[in-house]
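For Lys37, Tyr274, the entry in Swiss-Prot reads active site, proton acceptor, with the evidence type sequence analysis. The annotation substrate binding site is assigned in Swiss-Prot to Arg135, Met322 on the grounds of sequence analysis. What Swiss-Prot lists as N6-(pyridoxal phosphate)lysine is Lys37, and the listing cites sequence analysis.
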Amino acid sequence: MNDFSAWAEIDLDAVAHNVAALKALTRPACRLMAAVKADGYGHGMCEVASVALESGASALGVSRIDEALDLRNHGITAPILVLGHTPAHRCREMVDQNLIQTVCALAEAQALSRAATAIGATVSVHLKVDTGMGRLGINTVVPGRTAPQEAAVKEALAVLDLPGLAAEGVFTHFACADSADKTHANAQFKRFSTLIQELEAAGRPVAVRHAANSAALIDMPETHLDMVRAGIAIYGLYPSAEVDRQKVALKPAMAFKTRVAQVKKVPAGFTVSYGATYTTPKPTVLAVVSVGYADGLNRLLSSRGFMLVRGCRVPLVGRICMDLTMLDVGGVPDVAVGDEVVIFGSQNGAFIGADEIADALNTISYEVVTSITGRVPRVYCNGSSSAVRR
């Protein structure tokens, strides 16, 4: 037993299972990129990256160049695509560390081209096109049309012709692939496919075409192309309740846990926590547990959420504090200081998922797992071995 106040258990065997299961949904020639940005969605970027690469992934996706450099510093040599913007003055790092940089506009690509030619180098890039996400990328959208606007094709061709850049890939990102209604996703894919055809017709084919995120990987096999980008699904969480979960069995990789710090009997009419917003309706037993909003437990769960104690669901009562939270354990016998408490995960056959917490907060599981803060140790389990990252 560890002595942590709160900790996240990461099942690396579950990550391995998920990556292999997702790769099995694709054609053999289709590569899988594991998205490990945001510290591996809170699970640990380097730890997840290593397991993903051993389990069927052949490339990694990060948001920022410093994440890519961290992976390189940990000895990871696989292709890494930086999905976000990087200032052109960091060109030397891109080249020296063999990174692939996303470019999203002609002006951005021109700046990177000038920086690369100034040092006599070539930077590998993937061109991103916006087909309906409204975020990064060359805008291809003409409202009411599924064909890309002509200016977008010209801009893309201009990027591909720049010196100092090796345009290895072109990609887009779906806004609604996790919806049961695929109308918007289909329109995006049509724009993307047409743009690719026009690039090819102009004599500028691109080797690596990718569009599918986790949701499209599961639900839209026609979008798999040369590579898929798996994010939330490699961590065992489905992109939404609307994707077809029958197509792949995922295993949640993270459990978030804490311990009982104090147990106290209280009478009816007893007020709990800041603001005295909760009053006990009858005599009961409170357990004070060593987790709070500084650990990533959202304060909006105050008097709304549940945790598991001895395999029983018990309610959070009163406002969540920075470091502590109170539970009503009056219905659970023999609760004691030091008992394990599960915020999400399994205990004695009971389960609370990150999705359940997300639903209570009117958000998504992505936010739940990435919100767990750096002061929470990650405890890694892989087969019979375990390791801790503080």
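Keep in mind that glycine also has a Cβ here, set from the backbone N, Cα and C atoms.
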For the recorded positions listed (Lys37, Arg135), most other Cβ atoms within 10 Å of the Cβ sits at Lys37
In three-state DSSP terms, Arg135 (substrate binding site) is classed as coil
For Tyr274 (active site, proton acceptor), the same-chain residues 6+ apart in sequence with C-beta under 8 angstroms from its C-beta are Gly318, Arg319, Cys321
Same chain, |i - j| six or more, Cβ under 8 Å of Met322 (substrate binding site); the result in sequence order is Gly292, Tyr293, Ala294
DSSP, reduced to three states, assigns Met322 (substrate binding site) to coil
Cα-Cα, Arg135 (substrate binding site) versus Lys37 (active site, proton acceptor), nearest Å, comes out at 17
